[in-house]
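K.L.:
One structure follows; several queries about it will come next.
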Amino acid sequence: MPEDVPILTIQSFKLIVPIFAVLISISAFNVFLDAEFGVHFPQLIEELFRPLVLASDSLAAVLISILICQLLWFMGIHGALIITGIMNPFWMSNLLENQTALEAGGQVLPHIYLPAFWDFFCFDRRGRFNTTLGLSCD
């Protein structure tokens, strides 16, 4: 390239080859999975994480999340931000299943522990731990 081309532009052009290498290798892997097993790469990833999605809707997962969040706060890290960043993909999957059940006319929704549960029963908007045990004992 000419000398008057900015260094950032040169670096971005140097990244094109690795990007295409990754795209071609993942595409080849996807074609192999489709030909041999009849499954696509995103479906494989979804099936691998399915047990975690199912486990995310349990009381144990909520209690562990709260414990980790409080430990992170103790160490000076924004615990709620870290935990919600990790749990949001699982919660959104559960929220989508609740929406599908509601549209099908179901009276009982299959999932309880969703972002609203975390926001309103576990933590308020400022990140403080709510003590809602007294409300549940009435």
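Counting starts with 1 at the first residue shown.
Cβ coordinates come from backbone N, Cα and C, glycine included.
TrEMBL entries are annotated by machine, without manual review.
Source: prediction; values computed, not measured.
Copying in the features that TrEMBL gives for the protein in this structure:
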- 1-117: domain 'Phosphotransferase system EIIC' (DOMAIN)
- 12-33: transmembrane segment (TRANSMEM)
- 59-83: transmembrane segment (TRANSMEM)
K.L.:
Reported in the order helix, strand, coil, what are the DSSP residue counts of the domain 'Phosphotransferase system EIIC' (1-117)?
P.N.:
89 helix, 0 strand, 28 coil
K.L.:
Averaged across the domain 'Phosphotransferase system EIIC' (1-117), what pLDDT does the model get? Just tell me the whole number, please.
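P.N.:
A mean pLDDT of 88 is what the model gives the domain 'Phosphotransferase system EIIC' (1-117).
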